[in-house]
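Novice: The annotation pyridoxal 5'-phosphate binding site is assigned in TrEMBL to Arg38. As annotated by TrEMBL, substrate binding site applies to Arg60, Ser61, Gln68, Arg276. Positions annotated as tRNA binding site by TrEMBL: Arg234, Arg361, Lys426. Residues or ranges marked as N6-(pyridoxal phosphate)lysine by TrEMBL: Lys247. Taken from TrEMBL, the feature region 'Disordered' covers 428-449. TrEMBL lists 436-449 with the feature compositional bias 'Polar residues'.
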Amino acid sequence: KGKCPEDGWDESTIELFLHELAIMDSNNFLGNCGVGEREGRVASGLVARRHYRLIHGIGRSGDISAVQPKAAGSSLLNKLTNSVVLDIIKLAGVRTVTNCFVVPMATGMSLTLCFLTLRHKRPKAKYIIWPRIDQKSCFKSMITAGFEPVVIENVLEGDELRTDIEAVEAKIKALGAENILCVHSTTSCFAPRVPDRLEELSVICANYDIPHIVNNAYGVQSSKCMHLIQQGARVGRIDAFVQSLDKNFMVPVGGAIIAGFNESFIQEISKMYPGRASASPSLDVLITLLSLGANGYKQLLKERKEMFSYLSSELKKLADNHNERLLDTPHNPISLAMSLKNLDENNDAAVTQLGSMLFTRQVSGARVVPCGSVQTVNNYTFKGFMSHANDYPCAYLNAASAIGIKKQDVDVFLKRLDKCLKTSRKESNKGKVVNDVSNSNTGTEQLED
């Protein structure tokens, strides 16, 4: 039926299924005589076993979704994977999605593929409207495709950074709709930035007949992000939304899903991909979803949401204990941010040092964001880089509740963060005392005391 099984399969069943697919490929036929340049020959038995002897990859030279006559098993694997993934996207909340395909590139390059496909539909366009998010790959995706990003600064509402809808519409009017390739919006993001106002952006895109591409990098795991996409497509226009395989399905980095509501446009994107492609990302996600089943994946989504509530409440307690506060970002369903005003006021370097301390204590993924850092990306200079704004009011630390996180991860993180904050405060206070002493007329006496 091309759907994810409700209950997961055991490993033996999955392996039997993959071997059945593999023996349908010509390189695994008994007595096969290959005289072409690409015959699925593999020198290492270890490599062959790692890929379950599915060596031919997916697609043909002109279309990544096309069927290969000499690789019926690999082609079937590709079709089934796309169908199962489509089923999961619907299950996760985007119920009216019509088509998707797994592409063996991460999110940034997959976005580039979408922009390149739109180029043929809008030959005059050279600008992409982009509500700012300080993440390099989504910015580079536009540059790599040969377009000029038009950065729309976010507006501060309470602690949250939100889409400036008025600025987006004003820029469209100023540049002319025909000169704009698309609006490039974002759902999943680091707090205090929150998902873009997708419904309002989608209505603007529909009104001005401008395509709308959504970077949904790790949004499949969030019912709120998926609801925003569903609503955006319902009230306005969303042409495609792109999500990472590793972040949403816990597989190795290297694949993404491009999905949309217009079947023919998604097919156009798949045909834009030049040549065949690796089957590894498709194989990884198919094995994962067959082993989890729909019920297993739903359980992971439920646990992630529960862990978000737990992380939020416990991080708030820790923040209060250190005279900091958990920033109020109710529109961000995955990422949290805790202020670092005390560290920041005492010593700017202490903020960066806190990040190093956490990393050396095996806390990965936590981001420490100082105030006012400047970074140039592809000749574009961003003030306050990593904070999604030129002048965010305070330094802060990010932590996220992503799919697969366990209570133990949260507890260990909080324990280590507590120790690091205490150490940082001591060191900051020492530095302050030394500075106060050196600036005093009776500094020598105070130092002796």
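A Cβ is built for glycine as well, from the same backbone N, Cα and C atoms used for every other residue.
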Novice: Looking only at C-alpha atoms, tell me how far Ser61 (substrate binding site) is from Lys247 (N6-(pyridoxal phosphate)lysine), rounded to the nearest Å.
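Specialist: Computed Cα spacing between Ser61 (substrate binding site) and Lys247 (N6-(pyridoxal phosphate)lysine) is 29 Å.
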Novice: Enter the number of other CB atoms within 10 angstroms of the CB of Lys426 (tRNA binding site).
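Specialist: Its Cβ shell of radius 10 Å holds 10 other Cβ atoms.
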Novice: Rounded to the nearest angstrom, how far is the Cα of Arg276 (substrate binding site) from the Cα of Arg38 (pyridoxal 5'-phosphate binding site)?
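Specialist: Between the alpha carbons of Arg38 (pyridoxal 5'-phosphate binding site) and Arg276 (substrate binding site) there are 11 Å.
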Novice: So of Arg234, Lys247, Arg276, which of the recorded positions has the fewest other Cβ atoms within 10 Å around its own Cβ?
Specialist: Arg234
Novice: I need the CA-to-CA distance for Gln68 (substrate binding site) versus Arg234 (tRNA binding site), whole Å please.
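Specialist: For Gln68 (substrate binding site) versus Arg234 (tRNA binding site), the Cα atoms are 36 Å apart.
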Novice: Determine, to the nearest whole angstrom, how far the Cα atom of Lys426 (tRNA binding site) is from the Cα atom of Lys247 (N6-(pyridoxal phosphate)lysine).
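Specialist: A Cα-Cα distance of 37 Å.
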Novice: Sorry to bug you, but what's the C-alpha spacing from Arg361 (tRNA binding site) to Lys247 (N6-(pyridoxal phosphate)lysine), rounded to the closest Å?
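Specialist: Checking the Cα atoms of Lys247 (N6-(pyridoxal phosphate)lysine) and Arg361 (tRNA binding site) gives a distance of 23 Å.
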Novice: Counting every protein chain present, what is the number of Cβ atoms, excluding its own, within 10 Å of the Cβ of Arg60 (substrate binding site)?
Specialist: 16
Novice: Taking only the Cα atoms, work out how far Arg60 (substrate binding site) lies from Arg234 (tRNA binding site), in Å, as a whole number.
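Specialist: Pair distance, Cα basis, whole Å: 34 Å.
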Novice: Given the binding-site residues Ser61, Gln68, and counting only Cβ atoms in the protein chains shown, which has the most within 10 Å of its Cβ?
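Specialist: Per the Cβ count within 10 Å, the most buried is Gln68.
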